[in-house]
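Colleague: Okay, so Swiss-Prot annotates it like this:
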BINDING   His62, His64, His145, Asp216  Zn(2+) 1 binding site
BINDING   Asp66, His67, Asp216, His274  Zn(2+) 2 binding site
ACT_SITE  Asp66  active site, proton acceptor
Amino acid sequence: MQVTFLGTSSGVPTRARNVSAVALRLPQRSEMWLFDCGEGTQHQFLRSELRLSQLRRVFVTHMHGDHVFGLPGLLASLGLAGNSNEGVDLYGPDPLESYLNGVLRTSSTRIGYPLKVHRVHDCAENGTLVYEDDDLMVRCTPLTHRVPAYAYRVDQKPLAGRFDIAKAKDLQIPPGPIYAQLKRGDTVTLEDGRVIDGTTLCGPERPGVSVVYCTDTVFCEAAVDLAQGADLLIHESTFAHQESEMAYQKQHSTSTMAAQTAAEANVGQLVLTHLSPRYAPGNAVTPEDLLKEAQAIFPNTCLAKDFLTLEVKPRCNSL
């Protein structure tokens with residue numbers, strides 16, 4: 001998995017940071033998922049190496065404009081980018097469908113591919129999966145914000161153990177398509193009549209990776225529970241610690257709240273995003289100050305910036 005930040009500012013864009021959007025690339029299936037879609041996100045795609053035509057799913061955390069104003073335009077442009085017949089599935093709060101229908105209808109915009117909206121409220125409340133396929137699972141949980149908001153967790157299912165080619169050659173198993181079957185752990189009958197159990201040629205299962213996207217929220221235990229043991233936690237950090245009172249009033253997180261969540265959840269790495277424009281470089285408090293505050297609590301923290309790309313690895317610990 002690869003994570004690319006397309007927008008890392010809160011509320012409004014700045015010269016250096018667009019508003020919220022994070023792309024999750026799944027290279028093994030030539031597919032991409034998007035988390036939030038603030039105004040200007042499709043322009044960010046044009047400035048990146050991402051291919052909009054690979055977009056398959058969009059997960060929306062909440063209905064504030066800096067997280068959704070870019071969605072109608074992006075979906076309209078997607079039809080011109082050669083989107084596949086599979087279409088796009090969207091997941092989010094209850095008002096997401098009526099919002100999109102209203103904008104598309106009043107602007108006389110026609111979407112020429114399948115588009116389906118899934119409400120996540122019941123999944124969040126009941127602890128059921130938002131999405132699952134052969135390789136991945138997605139869960140969500142309610143956050144504490146001024147409007148209904150949800151954090152999402154993507155878990156890759158365990159990977160098959162590594163195939164021992166040397167052992168296969170020692171057994172005089174001829175190379176070819178049969179190796180693919182054995183790699184999957186299938187039992188195969190060879191032309192000479194021998195029956196080979198593929199699991200005997202594979203090492204132990206390897207853990208998949210996990211990513212949690214958590215915004216907008218003040219510190220809450222639900223976020224800690226969702227993020228338990230995750231390899232990568234992307235967490236909003238709207239305010240510096242000295243603005244804690246304002247953070248509680250507006251139900252946003254400080255840098256120290258994000259770090260506290262990461263520490264209590266025992267994640268591999270924390271990335272701070274959704275920074276208030278007030279912390280621009282050269283101001284009294286800068287993004288680097290927020291980073292230092294978080295690192296004092298959770299050392300393996302980095303600061304997101306637009307177009308930063310991370311390769312997600314088990315217990316993610318490096319850029």
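Placement of Cβ uses the backbone N, Cα and C atoms for every residue, glycine included.
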Colleague: Name the residues of the same chain, 6+ apart in sequence, whose Cβ is under 8 Å from the Cβ of His64 (Zn(2+) 1 binding site)?
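Modeller: In sequence order, Val147, Asp216 meet the Cβ cut-off.
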Colleague: Just to confirm: which same-chain residues, 6+ apart in sequence, have a Cβ under 8 Å from the Cβ of His67 (Zn(2+) 2 binding site)?
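Modeller: His67 (Zn(2+) 2 binding site) has long-range Cβ partners Val19, Ser20, Asp36, Cys37, Gly38, Val60, Thr61, Thr215, Asp216.
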Colleague: If you measure His145 (Zn(2+) 1 binding site) to His274 (Zn(2+) 2 binding site) at Cα, how many Å is it?
Modeller: 14
Colleague: Which residue among the binding-site residues Asp66, Asp216 has the fewest other Cβ atoms within 10 Å of its Cβ, if you could check?
Modeller: Asp66
Colleague: With an 8 Å cut-off on Cβ distance to the His62, His64, His145, Asp216 Cβ center, who else from the chain surrounds the Zn(2+) 1 site?
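Modeller: Checked against the 8 Å cutoff, the neighbours are Thr61, Met63, His67, Leu143, Arg146, Val147, Ala149, Thr215, Thr217, Gln251.
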Colleague: Same chain, not part of Asp66, His67, Asp216, His274: whose C-beta falls within 8 angstroms of the C-beta centre of the Zn(2+) 2 site? Give them in sequence order.
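Modeller: For the Zn(2+) 2 site the neighbour list reads Ser10, Gly11, Val19, Ser20, Asp36, Gly38, Thr61, His62, His64, Thr215, Glu236.
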Colleague: By Cβ count within 10 Å, point out the most packed of the binding-site residues listed: His62, His145, His274.
Modeller: His274
Colleague: Tell me, by DSSP, whether His67 (Zn(2+) 2 binding site) is helix, strand or coil?
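Modeller: DSSP call for His67 (Zn(2+) 2 binding site): helix.
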Colleague: For His274 (Zn(2+) 2 binding site) and His62 (Zn(2+) 1 binding site), what Cα-Cα distance in Å is obtained after rounding to a whole number?
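Modeller: With distance taken Cα to Cα, His62 (Zn(2+) 1 binding site) is 14 Å from His274 (Zn(2+) 2 binding site).
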